[in-house]
């Protein structure tokens, strides 16, 4: 097997082929977390909660979600060196896994568009500071969004080594930027002032505001679900694949959100590209904007790498040249860039929808891998696509797992409508993602014990 078969294909990455240690993967995760979206999430929270409630919601929601996400994606992928969508064949079937892939691709189109638009907004604001061109025009945003896509493709087409070195350079700078922004905020406002700021458009029910902030953080933490297995398979050990998630996607992501929350509360603006110059002044603000703009590139490259790897599940794509595959994926993201204001205005909904899908999927896979399979997979069978093999189920589909996913997702919508934020009483006590996640796992356990295992399907470990 050639090295490219593992690095750019679906075959397991052998231990000697893995290129990232714990430090490298931490830098990748920090580069992912401290893009403009971290500030934007914090700015979004400033619409609902004050600083004290926002910090509590961010730490609680993000930590819980990232830990669950990392358990079900990184541990199997680093143990066996496989993409998470290969390991998911054991749950949903050889063909059924493509249903989860479809959900993932749609979400990642959205995230890549958000990041490209953020690059465009930051660059447009820089242009507005040094010229007389209005930063309110969408034309520069669209043009710079194209540039972000082009730069990202040039990097990701070269593979994981280029991503590693990009993040080694950018990630430490992003941490420094965070510290600088926090210092600027605390130099302009006292600690008591910062804690006294009120949210811009809260609901009269304070507890509802907190639960929405908590739910959005659950969605933010779970939103990493589609890509972390594909990235962590390149890590040399399970430890190197798991703990960097808590360092980058949890600690530094929450740090960035809190800075964004503070700025949003102080200035009443949720868009981070609009408050960096007012806070830091023209020179420092522009420097920060430049760095933050290119931070979005690091995030796009990691998203595209993992998503393109997952797309190799599709037979027509499996043998496609890597540079062509990544090019076509980014090309399909471009239409969303033409609607920057619409994408921004629906950011709340986008975060909530991540919890809608990825919560139940995480619950189902946690039960399947850790409880039913006792952390053991038949790697050879994951690559057999014909009938009679353990993961073929019914015509390639495990309809019981699919049913558990559909029912749990429907339960989420009953508890909380992610579009309108209409909610049932259950939401105020349990959130929506947590019960949907647990419900999905419980249903999968019941269906497997009653239907799948008695029929000797799925290759489950005997007690």
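Heads up, the Cβ atoms here are built off N, Cα and C, so glycines get one too.
Heads up, TrEMBL stuff is auto-annotated, nobody curated it.
If you check TrEMBL, you get these features:
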type	residues	note
TRANSMEM	21-41	transmembrane segment
TRANSMEM	53-75	transmembrane segment
TRANSMEM	96-118	transmembrane segment
TRANSMEM	138-157	transmembrane segment
TRANSMEM	169-187	transmembrane segment
TRANSMEM	207-225	transmembrane segment
TRANSMEM	246-267	transmembrane segment
TRANSMEM	279-305	transmembrane segment
TRANSMEM	325-344	transmembrane segment
TRANSMEM	350-371	transmembrane segment
TRANSMEM	391-415	transmembrane segment
TRANSMEM	427-447	transmembrane segment
Statement: Near the transmembrane segment (207-225) in space but 6 or more residues beyond its ends, with Cβ under 8 Å, are 32, 41, 44-45, 48-49, 53-54, 56-58, 60-66, 68-69, 72-73, 104, 107, 111, 199, 245, 249-250, 253, 257, 348, 351-356, 358-359, 361-362, 416, 421, 423, 427-428, 431-434
Statement: Stretch winning on C-beta pairs under 8 A with the transmembrane segment (391-415) (pool: 96-118, 169-187, 246-267) is 96-118
Message: At a C-beta cut-off of under 8 Å, are there same-chain residues at least 6 beyond the transmembrane segment (96-118) that contact it? List them, or none.
response: 35-37, 40, 85, 88-89, 141, 145-146, 148-149, 152, 223, 225-227, 272-273, 293, 296, 299-300, 303-304, 307, 310-311, 313-314, 330, 332-333, 336-337, 340, 343-344, 347, 350, 353-354, 357, 361, 393, 396-399, 401-402, 405
Message: Let me check one thing: do the transmembrane segment (325-344) and the transmembrane segment (427-447) come into contact, meaning three or more Cβ pairs under 8 Å with sequence separation of at least 6?
response: no
- line: For the transmembrane segment (246-267), out of 21-41, 138-157, 350-371, most C-beta pairs under 8 A are with 21-41
- request: For the transmembrane segment (350-371), name the stretch out of 21-41, 53-75, 169-187, 279-305, 427-447 with the most CB-CB pairs under 8 Å.
  value: 427-447
- line: Of the listed stretches 21-41, 53-75, 138-157, 279-305, the one with the highest count of C-beta pairs below 8 angstroms to the transmembrane segment (169-187) is 279-305
- request: Flag the pair the transmembrane segment (279-305) / the transmembrane segment (138-157) as in contact if three or more Cβ pairs fall under 8 Å (sequence separation 6 or more).
  value: yes
